[in-house]
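Listed in Swiss-Prot:
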ACT_SITE  D12  active site, proton acceptor
ACT_SITE  H40  active site, proton donor
BINDING   11-17, 39-41, R293, 319-321, 391-393  GTP binding site
BINDING   D12, E13, G14, K15, N37, A38, G39, H40, T128, R142, Q213, T228, R291  IMP binding site
BINDING   D12, G39  Mg(2+) binding site
Amino acid sequence: MNIVCYGLQWGDEGKGKVTTYLSREFDYVVRYSGGSNAGHTVNYGEFKLVHHLVPSFDIRGNTKAYIANGVVVDLDVLIKEIEEIKKIGFDVYDRINISSLTHIVLPVHKMLDEKLEIAKGEKAVGTTKRGIGPAYADKVHRIGLRLVDLFDKETALEKLKFISKMYKNLYGIEWDDYEILFENFEKLSRIIVPPLEMKEELKNANVLFEGTQGVLLDIDMGSYPYVTGSYCNTTGVESGLGFPIKIDKRIGVFKAYVTRVGKGPFPTELFGEEAEKIRIAGREFGATTGRPRRCGWLDLPILRYAIETSGCDEMIMTKADILSGLEKVKVGIRYLSNGRKFEIPNDISMIDKVTVEYIEFNGWKNLEDDNFAKFVDFIERETGLKIAYISTGEKIDDIRKV
């Protein structure tokens, strides 16, 4: 069986924990998009890991991992992650493969990312400055460097010199320290494989595809221009993988409230003491940047939008425990714009111009409370989808089947 596990909001839904929990039943976990801008936190109890590039698979088991060519890879970050895992007693080099067609994030990409954010001023997107957008841009400009290019050092050096010249002439960015790149490549060369080799490997395997960010950050279907540089919707699986594959189920992960990092529209956003209470209780600070996340009430119109555009089959709810103890919990149920009501936005670009109609629930003391059961039932009715699992805490096994 092949399943996609992905985010239904603006990322940070708890996909890392959920994917790691589900991974035990699969032969492979495959990352198909994004880069080191992802920050998937996994709490094993005795230790905690933050995955930026290593797919979220249970390192204590037998599941293998694959980084497909839809991902852009910072070799330094990937090596450091693998080495960090090794330090706690798990050598995963023999359980990870990476596509030879994967594009590489270079130092010039990070420099340009920062320059662009500064140049945009108040219109800055609020990127992680990890060079993800510029790396994808070079891929589209057909000047990007792939892992396969590094097998021929002489040709790779020619390409690197050309890239350096372009960045110096166009942006005033200088970089010519190529040797570290080749050193990192040597460390990873034995795990690099052609996509068609992985096609054979995955043909008869049970595969869990791990989404990064969330549908609302997808380069096409997200809240553009406040989005990431990749296809993080379920539609990105096959393009990111490089070959067709049958998807049996799409499982969308959402938080019982909403957060987002950086700028962009956020119809149900909370401010002041209300927002800070949720932010502190939920530890809502970016795993990649450490930035405080913006917090707000659950937004059903935008959740329905994400469900429709991704073909979601069932959902997993996370962080409902964070709302335990609140006297009242609100849910945005529809948008109001120019005298009209919207259950789901036809055009996501409209959401910065709407007001929100809310419904209020009595709060719950814990997740066994009848008030919480009413909250869950309401969401299932309003979305038309079953909530298959509910996360009950921070650790991997703090999750229950509904």
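Just so it is clear, glycine is given a Cβ too, placed from its N, Cα and C backbone atoms.
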>> Spatially, and counting Cα to Cα, which of the binding-site residues is closest to N37 (IMP binding site)? Options: G11, G14, K17, A320.
In response: G11
> If one looks at the chain holding K17 (GTP binding site), which residues at least 6 apart in sequence have a CB under 8 angstroms from its CB?
Replying inline: H40, T41, V42, N43, S56, T318, S391, E394, K395, I396, I399
>> Which one is it, among the binding-site residues T128, Q213, R291, that lies nearest to G14 (GTP binding site) by Cα separation?
In response: Q213
> So of all those recorded positions, D12, G39, T128, Q213, which one's Cα sits nearest to A320 (GTP binding site)?
Replying inline: D12
> Once near-sequence residues are set aside, which residues in the chain of T392 (GTP binding site), 6 or more away, have Cβ atoms under 8 Å from its Cβ?
Replying inline: A320, D321, L367, D398, I399, R400
> By a simple count of other Cβ atoms within 10 Å, which of T41, T128, the binding-site residues in the record, is least packed?
Replying inline: T41
>> Quick check: in three-state DSSP terms, what is T392 (GTP binding site)?
In response: coil
>> Return the residues near R291 (IMP binding site) by Cβ distance under 8 Å, restricted to its own chain and a separation of at least 6 in sequence.
In response: G126, V261, G262, F285
> Expressed to the nearest Å, what is the distance separating G11 (GTP binding site) and T128 (IMP binding site) at their Cα atoms?
Replying inline: 13
>> Tell me the coarse DSSP state (helix, strand, coil) of K17 (GTP binding site).
In response: helix
> For IMP, with binders D12, E13, G14, K15, N37, A38, G39, H40, T128, R142, Q213, T228, R291, what's the maximum Cα separation in whole Å?
Replying inline: 34
> Per DSSP, A320 (GTP binding site) is which: helix, strand or coil?
Replying inline: helix
> What three-state secondary structure does DSSP assign to T41 (GTP binding site)?
Replying inline: strand
